[in-house]
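Below: the structure, in structure tokens.
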């Protein structure tokens, strides 16, 4: 068995070489081939002759799901008893079912704070673009419709921020960053809906309303909730029908929070006037009909796709792994495990 604790690094990073180099001074960092399948992975972590069966800390990126599949109950049960922590490179961790890891006393960590600014910037870009029909104008410009199609390439008029009610679905870290970024543009009316009302000092002047009222009052629906069994298809045909005619929807959270077919139908009918989307329900597979709609301003999940943010995320994942080795505990344990006693009983690996 290795003298150093074994850290399994799943997925590639872009800016973390220096941090990983430092970790290798105290850990044996191993990887798996790019061609690895879930079946191979599940088989090899159970093989006592394979180094994977001795792993103690796992780090993972979202893209590594192509090799391992979801971190679900089957995978959690297959992992060797030596595993004490899974460290995910992202704020959203819907690829991980926390409960089976909780049952095995395996800590799960994410990177909750570092993505807020970059994601909020992306959200505001999409919101303003969808409100002003910039996506339509961009498409028509590229298609060569100017000047023949008239002013603005014949794009429909957009709308200004004044007088519009922005409904923030999920006023958490990212939601508050979006709120503060929107105020200088002239937005004045903000409402929000969370499962529970926040303390007034955390509301930043945003009015708490019930879900039904939220749907009825919002001119713009800003989606910022994590994806879980409670929020899957939270926006669906029934809830869309309760929204204002001509509502604008912006989503930089997770695609499956919205029933994509219901949204597509509503865009086609005009119930939803436009949408700004950085995430999609079945990404990277995207509905051809949705992509063909000029009123959809879409991005290929670029919310945290900046040098500075990505570097910080990758470095924090390494810090989580390092902290497990030196103290037994991750730095940023996910909310579902924050009230558990057993992580505090974890021992250093060296």
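Keep in mind that glycine also has a Cβ here, set from the backbone N, Cα and C atoms.
Fair warning: this is a prediction, and the values are worked out from it, not measured in the lab.
Of the residues proposed, 121, 219, 278, 341, the one Swiss-Prot records at the same NAD(+) site as 173, 174, 252, 253, 254, 301, 302, 303, 304 is 278. Considering 31, 119, 239, 332, the record held by Swiss-Prot lists 31, annotated as phosphothreonine. Mapped onto three states, the DSSP output places residue 173 (NAD(+) binding site) in helix. In this entry, 173, 174, 252, 253, 254, 278, 301, 302, 303, 304 make up the residues listed for NAD(+), with the farthest two CA atoms of the set 19 Å from each other. The Cβ of residue 283 (active site) has 15 neighbouring Cβ atoms from other residues within 10 Å, across all protein chains displayed. DSSP classifies residue 283 (active site) as coil under the three-state reduction. A Cα-Cα distance of 27 Å separates residue 303 (NAD(+) binding site) from residue 31 (phosphothreonine). Using a 10 angstroms CA-CA radius around residue 31 (phosphothreonine), none of the recorded positions in 173, 252, 254, 283, 301 qualify. Among the binding-site residues 173, 252, 301, the ones whose Cα sits within 10 Å of the Cα of residue 283 (active site) are 301.
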